[in-house]
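Undergrad: Positions annotated as region 'Disordered' by TrEMBL: 1-165. According to TrEMBL, the feature domain 'WIBG Mago-binding' maps to 19-45. According to TrEMBL, the feature compositional bias 'Basic and acidic residues' maps to 31-61, 125-142, 149-161. Annotation comment: TrEMBL describes 88-98 as compositional bias 'Basic residues'. Per TrEMBL, the feature compositional bias 'Low complexity' maps to 111-122.
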Amino acid sequence: MPTEASKVSRAGIATSATGERHIPSSIRPDGSVRKEIRVRPGYRPPEDVELYKNRTAEAYKNRGKGGIPGADSVSATPDPPSAAANKNAKRREARKKAAASAPTKNDAPATTTSTNQSLTSTEPVKQEPIDPEVEKSKEAKKLAKKLRQARELQDKKEKGDSLLPEQFQKVIKINELIRQLETLGFDSNGDKKSTEAEA
């Protein structure tokens, strides 16, 4: 009989100092003694077999617990900036100060070059509001294109071809697209209505 049990597994199998594996003797509830049972070498009971852990499943289970990738932790102390970073920071601050002081110098003499004048004259053009008629015509073009595609899908369906659910949704929205075109003042072909063109 083995002398010392060095390690006991989940199934209750003890490994002795000599390397023998056995289930130790125990006492039943009625008081009788259960004999020690030897375990064959190499046998692993199902309780001792480790479960296979899929790396992807484990990562999915632990998602959100690791923090944001690339983000510094709160307790981390920031490294002192390098000399180049300090130099760049000073340049940025100088540019900000120069930009802030430039608009306040409106009373300075007009000695700007023609290239600077052309640059400043193009900037306000970009910021001007867009003509609502142009905006309406762009929207009408988009809607007319969607309507044309939906009608093509409808013809395809009438010929007997099967449609995907997304394509079927487009066919259903034909009347809605026509209504939107009419509210913009265009007919179902995307052309401007003649009554509004005369008015």
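Each residue, glycine too, has its Cβ placed from N, Cα and C.
Remember, TrEMBL labels are computer predictions, not curated facts.
Describe the structural context of these features.
TA: Sequence-distant contacts of the compositional bias 'Basic and acidic residues' (149-161), counting only residues of its own chain at least 6 positions beyond either end whose CB sits under 8 Å from a CB of the stretch, comprise 167-168, 170-171, 173-174, 177.
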Undergrad: Give the residue counts of the compositional bias 'Basic and acidic residues' (149-161) per reduced DSSP state, in the order helix, strand, coil.
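TA: Tallying H, G and I as helix, E and B as strand, the rest coil: 11 helix, 0 strand, 2 coil.
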